[in-house]
């Protein structure tokens with residue numbers, strides 16, 4: 001019995017570990033930093049939807065870069081924020097410093113939020129390139145205190161994700177085993193959508209169709225005028241009382257004669 005059970009487990013394990021290759025995919029290298037003059041070490045990539053750029057997080061050099069699309073070896077990689085060395089300071093471009101961050105997120109306005117775990121802070125890079133601290137960083141100790149930015153504390157191991165439907169940044173605080181939330185400003189969650197343009201386009205088409213239909217109906221209306229309805233009265237209607245009957249009497253004489261007969 002035990003031998004049969006062991007054989008069953010071996011067969012089940014072999015079936016469960018079988019790989020299923022789905023065809024139709026291929027892999028290609030679009031940018032090789034080993035061939036580039038800059039010392040960039042890509043750790044994570046996210047799209048910037050409004051500017052049609054890609055953001056590259058270089059954890060080794062504590063910096064964030066932008067890459068124009070479409071990607072090619074000839075496209076220039078631009079430094080957005082960071083100095084290339086670890087530190088903690090806010091400012092524009094290279095004036096800002098991070099400490100080897102490993103997670104970041106992008107909101108609907110293309111602002112960047114960096115999980116600066118070693119500094120126990122969450123940083124924000126605006127579209128102008130100015131870096132600020134929006135939460136944490138004021139305490140030198142790790143923690144899980146909620147509240148305003150100057151009071152909040154974090155562990156040294158957390159990730160960020162932007163949730164547009166919530167207009168918020170969610171924080172996966174691994175060390176503290178917590179999911180935490182930072183509500184963003186409403187203007188930072190407004191995405192550039194094509195839905196408004198599409199609705200306007202459809203409304204314009206509908207208005208044009210209605211106008212064309214009205215003009216067409218006005219033009220063809222005389223050709224489809226109704227031929228039924230009440231008959232028009234003749235211009236001259238004879239007085240029936242004035243017409244003589246077959247006996248030569250008019251209606252008044254006949255009426256008088258019938259009254260005498262009844263008497």
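Keep in mind that glycine also has a Cβ here, set from the backbone N, Cα and C atoms.
Checking the ranges 177-200, 201-224 against TrEMBL, the transmembrane segment annotation falls on 201-224. Listed ranges 144-167, 240-263; the one TrEMBL annotates as region 'Disordered' is 240-263.
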